[in-house]
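Working notes, beginning with the structure itself.
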Amino acid sequence: LTVMGDAGMQPTVSAPESPAQQDPLFSMTDVFLISLITGLFTYWFFFRKKKEEIPELPKIQSVTSPVRENSFIEKMKKTGRNIIVFYGSQTGTAEEFANRLSKDAHRYGLRGMAADPEEYDLSDLSRLSEIDKSLAVFCMATYGEGDPTDNAQDFYDWLQETDGDLSGLRFAVFGLGNKTYEHFNAMGKYVDKRLEELGAQRIFELGLGDDDGNLEEDFITWREQFWPAVCEHFGVEATGEESSIRQYELVVHTDVNMNKVYTGEMGRLKSYENQKPPFDAKNPFLAPVITNRKLNKGGERHLMHLELDISNSKIRYESGDHVAVYPANDSSLVNQIGEILHTDLDTIMSLNNLDEESNKKHPFPCPTSYRTALTYYLDITNPPRTNVLYELAQYATDTTEQEHLRKMASSAAEGKALYLSWVVEARRNILAILQDMPSLRPPIDHLCELLPRLQARYYSIASSSKVHPNAIHICAVTVEYETKTGRLNKGVATNWLKNKVPDENRSKSLVPMYVRKSQFRLPFKPSTPVIMIGPGTGIAPFIGFIQERVWLKQQGKEVGETVLYYGCRHENEDYLYREELARFHQEGVLTQLNVAFSRDQAEKVYVQHLLRKNKENVWKLVNEGNAHIYVCGDARNMARDVQNTFYEIVAEFGSLSQPQAVDYVKKLMTKGRYSLDVWS
């Protein structure tokens, strides 16, 4: 720009000079005007140059200042750590396991740190051998259909692309998965295999945790064999008994500015009062509930349809995406914990990390009140894990209760069985444990340190943004059941959403939410046929899909066959979106509406039975029409039974053997023609 400015000035100044050479007579007016113009241009040039250069200086500094900020190697050297435990976590469990492993290290004279791979440059793994007795552990959860968790996506991409030499790296992997899903523990398996391919040395076998079974027991079993392998490899020994080490210290604020106190925000202080896009997991949007209606006509369950207003949020979504909502715990449970621990829940406090070098300064946003922490930040309804019981045992004044807690936290077979029956199967949450153990009265700050974070809940969006650009629809069923101890347990999010009734001032009906992108997508060509299978609330994304196909047809597009297989218990009780589906069918966009009522006759009828009944038509759509298949709902039974039915149909009409039919369906999945949106 400066050079162009200079060039542009030359002809302007020299233009009057050429005639001046032919006529030597120069009037005073000419001299004055030339001097004035030259002076003005000179002043403009230098003044403008200054303005351009000044803001560039801080830019240069900001680029160069955080040179090694994301180097975990430098951090480990600085703090004397030699074990780093990375976690790929979507719901907080892998992070929890990573923290437990890093705390374990001190028992063997080693020092560990848990780390979020999203915060560091993982190419530094090649330098880990610079640290004596160094080890990298990976606690990797698998999300969706074999995908990495959001915070491990960059790490996964790097592993795929790198050809670096990791021959100096020692590692171990524990995977967190669920056997009801097609790609069980895909991420853990991939990380373990890929690190070995890059030359790293595995010092203990891959652990595969199964959340459909007992994930906690799987982790404990792996962990109790992992540490002896570490000891043997490094030639170290356990320094003694396990000891309870606090990670955070309590600071009570007696004189605090309430504008500096968190009241439930997930990230930025006052973010709920002063909303700024973009909205994500750390900055959710407060969406008003504009509709909340009961969908079922009868029965014991409560199935509901909610509509969240996202006007002016700049949030964009597509059919098939998920909406994440941050719920709040039931205030009666929070109050009972406060009463049983004789605590003033409105005390303002902070829990500060004793490790000043840690990236995680607090276990949840601080300063805040105990009431806010127990309501918005901590999981108080799920059965606590064994490490929580172990840490709490020291506060039980009755020796029998203390032994009971310690036994359940042990790795002995008897202890594992006791934990399974007394905690997991009985669905005892922290309040139930405090109620059933009268001598157990821990300090509330230590309890808050130990409890895991309350997680966002994900729902398949039941609308199309083409039809509803300013609203997101949710279809959900309230969870409520009686436990073996006779207590009534309620699902946190669904019961919270049930009470979100639209009101005029909208203040009480706000839902903190954000959108999570999905791979569950309609075909690129509207003319491609679709077969949708979704019983119960599994119909949610298909309401969005059908809405979009109706819209596409209205735009003059050729829309292919749209086939739905839906199932519910009773036609007159829980047939969800009955009127809408009848209208879609009548209008001709929903070309087939197949509904299975499982309990309206002596023999139960499910969606897979209707698929078998229409097997010739199903095969024709798949084989000749290149149809895309979508399955949404229960992973444990329905999704597996539907997949087995497709194996049968493909084998019969494609004249294939069972292994060939399985391979055919797996190829459909690889090509994106068989998609799953399932939960267990």
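Positions of Cβ are set from backbone N, Cα and C atoms, glycine also.
Per TrEMBL, the stretch carrying the note region 'Disordered' among 1-21, 106-126, 337-357, 505-525 is 1-21. Each residue in the domain 'FAD-binding FR-type' (282-523) has a pLDDT score, and their mean in this model is 95. Per-class residue totals from DSSP over the domain 'Flavodoxin-like' (83-227), listed helix then strand then coil: 65 helix, 35 strand, 45 coil.
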